[in-house]
Amino acid sequence: MILASVRRRHRLPSIDDTAFRPSTTSASVRQRHRLPSVDDRLPSVDNINFLPSTTIIHSSTTYASVRRRPSFTKIYKTESRWLWMLPKVMERISTTKKKSIKVVALFVNGLFCKNPMAVTADDFFKNGLDKPGNTDNMLGSAVTPVAAAQLPGLNTLGISLARLDFAPYGLVAPHTHPRATEVFTVMEGTIYVGFVTSNPADNSANKLFTKVLKKGDVFVFPQGLVHFQLNVGKTPAFSLSALSSQNPGVVTVGNAVFRSEAPISVDVLSKAFQLDANVIKQIQSLR
């Protein structure tokens, strides 16, 4: 009698509760608590009733975890084609009046996939690459990217494109693509290109590979290596680059080192580049 009252007061299950009987199947437990089966498809956006009243949702590229304090209620593996549903699930969760749900974090490596039922031909199409970019700037160059952010159909395909326009003597400053190799093709003009090796294993000096390219010439920049392109002609030039990632990324060396929001210490840069501190300050002041 005492044990029964304690159980009722603390809402503890009885010893002979069906949830604890050896004969109870996992299927019946799932049905009673409205949990999806491991083999079930991802529930529809409208059907979030399986979520408990206080829920934490955490997602990465390949796993989504739905758990209830104090213990996990469900961990299920998802495929990338299901990720399009997560923003809609989040929206539904945030607006539902039936449940009080707390979303702690959503981590995604890359872009969400679009609902396959909503995909149209426009998701695989982009126009305007025939139009030159605006080169009226300090460097005299412009880059027009065609990556997954601009062309959704590229998502997960591991490829992208960019148009590079150069004013006479225009420069695309030394930079890297951390996630892609670049195949560079000159369409018009004469362009001086090059890349530098990085920290050879034998501790020898980094090696510079350069070439002057003309219309129709192709050059490759290996992934992650610092490279540049300079129009050495008196007329405008342009090129097309194919990259081995739908999101190649770009790190411009000068901007990263000298134009960060919180500037790198002058002591660090003056020692790294073996320059006078006043020279470093002057470079950092250029905006």
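For all residues, glycine too, the Cβ spot is worked out from N, Cα and C.
According to TrEMBL:
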BINDING   H175, H177, E182, H227  Mn(2+) binding site
BINDING   H177, E182  oxalate binding site
DOMAIN    127-281  domain 'Cupin type-1'
Residues flanking the Mn(2+) site, with Cβ no more than 8 Å from the Cβ centroid of H175, H177, E182, H227 and excluding those residues themselves:
T176, A180, F195, F221, L225, V226, P248, V250
Does DSSP put H177 (Mn(2+) binding site) in a helix, in a strand, or in coil?
coil
Average the pLDDT scores across the domain 'Cupin type-1' (127-281) and report the rounded value.
96
Name the secondary structure element type, per DSSP in three states, that contains H227 (Mn(2+) binding site).
strand
Of all the binding-site residues here, H175, H227, which one's CB has the most other CB atoms within 10 A?
H227
Give the number of CB atoms, excluding that of E182 (Mn(2+) binding site) itself, located within 10 Å of its CB.
23
